[in-house]
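Participant: Please read through the structure below; I'll follow up with questions.
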């Protein structure tokens, strides 16, 4: 509880400090149970809207700024995610899920346009440009993958006129996020991964993480409505590192069995012997330091950050006060404690490496983590190639509060839900938890299904949402190269509407895992067999007909009665004569 | 044209109806001979891994060292908990799995086939692939009891040790589910049914924890006690329920890894010693076909195959020098291969007969044999249909101008020819008159033809009785089907004896009953026979594409039905009937259990279990395809006795 409180405080702290400085970066480390470590990187740069309008880019990256201006995008949210957040073990999500995306790539933006068609054409411009900038297949977000959510997303920025803003949302669940997406991400930072906390970001470790999410959020922020506006760009990286795995050297990453001497055996077991060892759980917090875990040293502060005040503290660690932490650096640093000593922040030295060293330690107080507002899981039921059903199980752990939330599904067109089979069932009450439904059916090959529900889940109960769907049969050119893998359906987005409220305008979100939908897949060698067979039949038929058409039929009695050698010779002579006669 | 005309003319030849029995016999002969040549090198192929992504045996395995010590400890733990009540046992297993930082859940299930109570509890854990997105999963399972009823100590301990070991790797692209089931067939069945939400939630608990689409499953059976036992070979069991098979790539990968990488010999179909000679290959193939034909579950993997999840079970056999770590490394390497899969296994064969671990026959090569046997029934059915439309004893040469010798003519006269016979008698006055048969003069397009009347005679087929009889016979099969699946275990044996007696006597009783009404006529009984064989041929050829072996076995056992005919009583008919009694389904089951020294009651109990739990369809084929065909054929023969 303490820790979650401090986390709240911390977010509040950062929220009110907005717009005061031009560039801010922070890495928050949070040890999690089972030897894991959450590292939340946050980079924020501001540009006054006047400078932005005049294309006078200083901290805001020009490449992205120009794309946004060209596509008339007023607010942008882009996510690259891999893995899943294990809420049961790790607790509340970083940023309450607001900076997390669904697996693969997720993008939503508010675009200024006078009509829906114009908004859509600007959206296409945007995704195509971003695709080039981030080396991702964002250009595959077409009309079939685009939806216009109604209640799941609200703008985070201050927009002077919201009437002609259009929200568009697209996901690519099967996009593999990897280093080629990290490099352009780092290039957008003012210190470009050379200094500051961003120097810890390394592709090897980031993509070895159990969960990682990269986010880019651009929004206008105004002090009072329409005045002193700045364009704020926030880049966030959240990763959950497995400490023992991260500590393995890069040239020897194989988890070989430990020598038996290094394993603590339970000697109380009756069968304990030199060759029989029941491993004991050591219940120790593992030893780690930044260089080991991130594979790179932290190369001092980014010179663009503030020199004084809480904004200058770029590295924070949120853990129980009894945990021993040593800072190791040749330069000057300061340490400050806040939130009942659970949050320790460091002001990094300039141009000197900095490291935090945490020794192995047995803790008397357990790590505390925030309780998630909801738990959600989703799976496909049924089997066969014709139809199936989707089941989403949402759990409310709170014993007192009923939680209201919005549930957003964006399904590909070839997965056709039967809305009449939609059932929402709560384990503890017979009241219908379904309050509102927004449904836009799919059109084959034109657009996907957009299903948005507003639901209320009573305290300490489980809500089961099911609906059946039918699998469409695709044309054989519509299958991807690895057709037998199946097709990914994007995760459902759940936004908590109440009673919990976020301290800022980001909202509280969680996302389920994506689904793998197996469609009837043809044997792709079949067309060739068919082509071969058809060609043979065609050739046979053609040969016969051609023969009949070009052959000259002569009645038996019309043939000259000349026989023998004389006849043959005469025939030849006649033929030669005819040829010359014609010529 | 000339050829066509000759063929059309041949149609009218009476001799054509003599061919079908020989043709049928010939087809059966070819079908069986076809099967016998399959084990030859010319007709079988070496197995090969078709899916390139699998890369079997290309990785180094590290499941050694201190993992062995941990494994031994787990084996002691498992030995200590097998006799505990389900609840305590599950708690202990959950604790062991939870210690490896896995997510653990349990599932209770209860089945009540033939009045028995099968209830137990499954424990399973999910290793979430570090970078996986819960879309795909592979299963490693061990049941507490092996198929042979032994305690699977080392198998379960191996799953626990591997779970702990796999957790440390970061390369898993799919989730790995570790399943420890209560028993070897119904436990995995309950689990996989619930995983696909195809279960009955009142008796089988829904799964609290799920992952993505299952891509493969591997079972381990290693019944070595707490002090270990070194084994000689790995027995790879691959038959699924209803004779469905896993993708050959999975089997090949396992063989490739075990024999190629680990040096452990592989064997299949309980052929402990396989010298790769013709008789051994044939024996392996026939054992495989028998197992496939019975359609029963052969291990914990069988439940997965109907859900299109490729699965095999590795069973350790014999005394040798391979230890548990060798098996562990085999499983490790197998999982590394499965982890490489980008697509669901689809490249290789789903229909095959294995001759030895590295040799197989594909569907294109073996299918004709079952099809030929099924075709023999269709041919006989067509022949019987044609015969039923003809006069019983056709005049050898109706257009002959010479008088037929009187004695022959009289012999030929049968009931249906009464009219003609009377006509003939009236014409007998003029004995010297050359033309014996009446003729009709037809004039068409200026051409005149003299046609014997007999050729133009139409013999109507009364269809109602034969159709009704055959349909009723097929519906009758529902009675024993329902009965044997619902009779409690105590009364199964007595009901079987009752069924055996009833089945033998029923054709006689039916024939006697029908003969009291002077029905069916000879023509109707031919039609009954025709329809039942037509159905049989159709069913069997369709079945051959689904379960080749079952179709072939039923086809061979019903083959005599093509050759029996309604006789005129006497010894031949009695012998025919005796043959049919010997091959009636109930008798076959009885004698097969006697010959293979299996307890009849076990077979009946397993069959009911198969119907209720595994979703086995063998009974349907026996009672609704085989039995009606046999019944119709027997009634037709028995009619000759009265």
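Backbone N, Cα and C define each Cβ position, glycine as well.
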Participant: Please find, within the list B:390-435, B:436-481, B:482-527, the residue stretch that TrEMBL describes as region 'Disordered'.
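Facilitator: Based on what TrEMBL states, region 'Disordered' spans B:390-435.
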Participant: For the annotation transmembrane segment in TrEMBL, which listed range does it cover: B:598-619, B:620-641?
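Facilitator: So the range that TrEMBL calls transmembrane segment is B:620-641.
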Participant: Can you say which of B:7-23, B:24-40 is given as transmembrane segment in TrEMBL?
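Facilitator: It is B:24-40 that TrEMBL describes as transmembrane segment.
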Participant: Scan B:549-568, B:569-588 against TrEMBL and say which stretch is down as transmembrane segment.
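Facilitator: That would be B:569-588, the stretch labelled transmembrane segment in TrEMBL.
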Participant: Restricting to the same chain and to residues at least six past its boundaries, which positions have a Cβ under 8 Å from a Cβ of the transmembrane segment (B:620-641)?
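Facilitator: Apart from its flanks, the transmembrane segment (B:620-641) reaches 469-470, 473-474, 476-478, 480-481, 484, 503, 506-508, 510-512, 514-515, 520, 525-526, 528-529, 531-533, 535-536, 539-540, 543, 550, 554, 557-558, 560-561, 564-569, 573-574, 576-577, 580-581, 583-585.
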Participant: With pairs 6 or more apart in sequence, are the transmembrane segment (B:569-588) and the transmembrane segment (B:463-484) linked by at least 3 Cβ pairs under 8 Å?
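Facilitator: Taking Cβ pairs at least 6 residues apart, the transmembrane segment (B:463-484) and the transmembrane segment (B:569-588) are not in contact, as fewer than 3 fall under 8 Å.
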